[in-house]
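These notes are about the structure you will find just below.
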Amino acid sequence: MGHLMLPIILVFLFLLIFVFAVVSVGMRPGKRQKAVHSRFAEVLGMPSELDADHYGADGRLVVAQDESLGSLKMILAGTSIGRYLQRMILQSHVQSSASTILIIMLSAAAGVFFATWLTTSLLLLAAAAALGAGYLPLAYLRFRRSKRLAAFDAALPECVETCARSIRAGHSLVAALAIVAEHAPEPAGVEFQEVIKKQNYGLPISEAFRQMLDRVPSKDLQVMVTAFLVQRDTGGNLVEVLDRLVFVVRERMRIQRDIRTHTAQGRLTGWILCLLPVGLLVVINFVNPGYSKTLLNDATGRKMLYVGGGLLVVGGFIIRNIVNGIEV
């Protein structure tokens with residue numbers, strides 16, 4: 001295999017250089033994009049730098065930007081994976097684009113695959129490591145999304161209560177939302193400010209709320225938006241509805257905390273069952289070097305490792321679904 005090492009390394013380096021070149025070109029804003037955003041900044045008093053809010057899940061602004069940012073973004077805009085990545089970026093509030101995230105995922109997978117293959121000569125192990133490395137950027141987006149959604153849900157009851165008090169004091173719904181946007185912590189304050197901003201620009205309040213639901217897929221927020229829209233169309237005592245909503249949301253959060261406490265043992269069991277075999281293998285080989293040499297070099301031993309690793313992953317997912325499958 002020695003005579004094949006140099007061509008493989010050269011191909012790997014070429015792929016890395018090509019990927020980073022594509023990333024650098026794709027992240028550069030085009031002339032039309034700069035001109036349009038600068039004009040909006042002058043008229044609306046917005047900041048000049050681009051943020052992730054411009055990459056909306058509804059595609060309104062994405063199409064306008066993709067016209068000057070290369071064919072890759074245009075292709076991704078019409079695919080399900082592109083729309084999924086766009087939605088994850090929007091909800092995680094990361095300043096990036098779907099094409100950039102996809103290129104990072106592919107480059108990480110390719111780099112780890114070649115590195116693992118060249119060091120171990122195990123094709124299946126290299127493929128598994130490449131899948132894990134390629135998933136890491138998406139896992140980061142999901143982590144940011146879950147943290148942001150949890151922070152929003154934690155602040156939502158206070159926001160609804162502030163809105164109810166403001167309406168009870170005589171303010172209109174828009175004025176009450178402006179008060180909430182001014183005093184609410186991030187990310188709730190930022191999202192309500194976005195609703196007020198779009199409503200001031202002429203967008204109907206119902207559409208502004210629907211776009212907010214695209215950015216923040218919260219069940220409690222969906223109930224609040226439904227209450228606003230129903231009261232807007234049919235009338236009724238909105239303050240009473242909001243007061244009941246605050247009570248329901250806080251009770252739901254309390255039940256969720258109780259469930260998380262009662263399922264803590266199940267989560268710990270899952271982590272122990274998944275990490276204990278790997279940890280023991282590492283410790284044993286550290287104490288007694290070469291202990292697993294036969295297992296790694298023999299074809300049957302490698303198959304046993306593959307099957308065992310696959311069963312660990314499947315078991316971890318099953319335990320996770322059981323523990324997190326309780327809906328409130």
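A Cβ is built for glycine as well, from the same backbone N, Cα and C atoms used for every other residue.
The transmembrane segment annotation in TrEMBL covers 6-27, 97-116, 122-141, 264-284, 304-323. What TrEMBL records for 161-284 is domain 'Type II secretion system protein GspF'.
The average pLDDT the prediction assigns to the domain 'Type II secretion system protein GspF' (161-284) is 87. Beyond the transmembrane segment (264-284), the same-chain residues lying 6 or more positions past its ends with a Cβ under 8 Å from any Cβ of the stretch are 291-292, 308, 312-313, 315-316, 319-320, 322-323.
If one looks beyond the transmembrane segment (122-141) by at least 6 residues along the same chain, the residues whose Cβ comes under 8 Å of a Cβ in the stretch are 85, 88-89, 92, 94, 101, 104-106, 108-114, 116, 302, 306, 309.
Remote same-chain residues near the transmembrane segment (304-323) are listed as 124-125, 128, 263, 266-267, 269-270, 273-274, 277-278, 295-296 (criterion: CB distance under 8 Å, separation of at least six residues from the stretch ends). Helix, strand and coil residue tallies for the domain 'Type II secretion system protein GspF' (161-284), in that order: 105 helix, 0 strand, 19 coil [DSSP].
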